[in-house]
Amino acid sequence: MGTVDEKVEVAIESGDEEIEILFSGTSSPTRRKAVNFDLESETSPLSSSNHSHMNTSSDHLTNSWIVKRMEMSPFRTFYIVLIRAKINILLPFGPLAILLHYLTGKHVWVFFFSLVGIIPLAERLGYATEQLAFYTGPTAGGLLNATFGNATEMIISIYALKSGMVRVVQQSLLGSILSNMLLVLGFSFFTGGIVHCKKVQVFNKAAAVVNSGLLLMAVMGIMFPAVLHFTRTEVHFGKSEMALSRFSSCIMLVAYGSYLFFQLKSQDNLYNPIEEVVNNDQEGADEEEAPEITQWEAIGWLAVLTLWISVLSGYLVDAIQGASESLNMPMAFISVILLPIVGNAAEHASAIMFAMKDKLDISLGVAIGSSTQISMFVIPFCVVLGWIMGQPMDLNFQLFETATLFITVLVVAFMLQEGTSNYFKGLMLILCYLIVAASFFVHVDRSSDDD
């Protein structure tokens, strides 16, 4: 039964025997539906065209059911995560590294294949995190992206710490900060400035200032133990430096927890520009972007990928020393430059992609947010973990490394103070990273030699 306002119009055209039904009413928009009938004599049997029409309809229903079943199939998820992306062509390098470890024992090839095999895993880890962010919302999704974006570095650091390679942990985490702040942010500014060369790209200055302040606080926590050590002003030589590092690490963890509460709960106005941009982008892209896997599938793949990265990280750490000796390459260069580039491969690609789409706030969150998390959470966490494991992990990163971090934070802070970016700023950051890489290539780590 329809309402009074609804009307039915039937128009029959004698030429095509077409019946056009028009439904209109107040409760729904006007809809037209055309149904074609092929009329024949009453005495004739059912025509073959009706049979084909019925067969086509049944085939369409069957095919749609199969498609839906395939969409629910785990094989589709396997295809999306591990086959569809072009970077997955590098996945076999991981098993090859394990085979070479047991068959040949050549550290150079094990190190190289492990390094290459971790690249697609880090990228796929970022993809699974993005899929999970569809279900958790932008706030929790941003935190998940930052956390799992640093999962590779964190896993490598834990394995190195377990093996007693404290300098590898310190230098790899330092290199991750330098790589994010100079290389990732530099390429984001550069590519974004090239693509949008006719306008000035802007980002949320308030959020950048807060992150710069946290980075300077991290520099303070790392610098004081080094200054205390090299000025020989400790009350108890060696012990005071370690005690200060552990105390400062606990303070930095509290500061990072307070920062998360400040960012997510108490200071919404400070981050409104970012949220408005994200909301507008989501409203415009709802039809284009949708989760490709379910929430539990994303969680399952996060667990599987993290486990596989953990396995490869163990072989990678075991091969570092042998690879350094075979290649005649300083351990500092491998730890500070090569390892972080692999760990930041996924972040590097996503930050550049967002910059090219003129979403600099997200690119800045990927690069600077990741550096903030490593300096204020991952490094202090490793100090506390080393404390629990009985390893002498401290915040004394040695004078050369500490000075490099201090200058880098100052350069990036000056680049961010205007709230604008262009390709020249990006080029400057990239060139600064090349200077840092060259410096570590000719740097001799006396601490590791002593150990």
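Cβ atoms here come from the backbone N, Cα and C positions, even for glycine.
Any TrEMBL annotation is an automated prediction that lacks curation.
Record features (TrEMBL):
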{"type": "TRANSMEM", "residues": "78-102", "note": "transmembrane segment"}
{"type": "DOMAIN", "residues": "107-264", "note": "domain 'Sodium/calcium exchanger membrane region'"}
{"type": "TRANSMEM", "residues": "108-127", "note": "transmembrane segment"}
{"type": "TRANSMEM", "residues": "139-161", "note": "transmembrane segment"}
{"type": "TRANSMEM", "residues": "173-195", "note": "transmembrane segment"}
{"type": "TRANSMEM", "residues": "207-231", "note": "transmembrane segment"}
{"type": "TRANSMEM", "residues": "243-262", "note": "transmembrane segment"}
{"type": "TRANSMEM", "residues": "298-317", "note": "transmembrane segment"}
{"type": "DOMAIN", "residues": "298-440", "note": "domain 'Sodium/calcium exchanger membrane region'"}
{"type": "TRANSMEM", "residues": "329-346", "note": "transmembrane segment"}
{"type": "TRANSMEM", "residues": "366-389", "note": "transmembrane segment"}
{"type": "TRANSMEM", "residues": "395-416", "note": "transmembrane segment"}
{"type": "TRANSMEM", "residues": "423-444", "note": "transmembrane segment"}
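Sequence-distant neighbours of the transmembrane segment (243-262) (same chain, 6+ residues past either end, Cβ-Cβ under 8 Å): 143, 210, 214, 217-218, 221, 224-225, 228, 372-373, 376-377, 379-381, 383-384, 387, 393-396. In the domain 'Sodium/calcium exchanger membrane region' (298-440), helix, strand and coil residues by DSSP number 121 helix, 2 strand, 20 coil.
Residues 181, 240-241, 244-245, 248-249, 251-252, 255-256, 259, 262-263, 270-271, 274, 361, 364-365, 368-369, 371-372, 375-376, 379-380, 394-399, 402, 405-406, 409, 412-413, 416-417, 419 of the same chain lie 6+ residues outside the transmembrane segment (207-231) yet bring a C-beta within less than 8 angstroms of a C-beta in it. Counting same-chain residues at least six beyond the ends of the transmembrane segment (173-195), those with a Cβ under 8 angstroms from any Cβ of the stretch are 150, 153, 157, 201, 215, 335-337, 339-341, 343-344, 347-348, 351-352, 354-356, 358, 360, 363-364, 366-368, 370-371, 374-375, 378-379, 382, 397, 401, 404-405, 408-409, 411-412, 415, 421-430, 432-433, 436. If one looks beyond the transmembrane segment (108-127) by at least 6 residues along the same chain, the residues whose Cβ comes under 8 Å of a Cβ in the stretch are 81-82, 85, 87-97, 100-101, 145, 148-149, 151-152, 301-302, 305-306, 308-309, 312-313, 315-316, 318-320, 322-323, 326-327, 338-339, 342-343, 345-347, 349-350. Beyond the transmembrane segment (78-102), the same-chain residues lying 6 or more positions past its ends with a Cβ under 8 Å from any Cβ of the stretch are 109-110, 112-114, 116-121, 123-124, 127-128, 292-293, 301, 308, 311-312, 315-316, 318-319.
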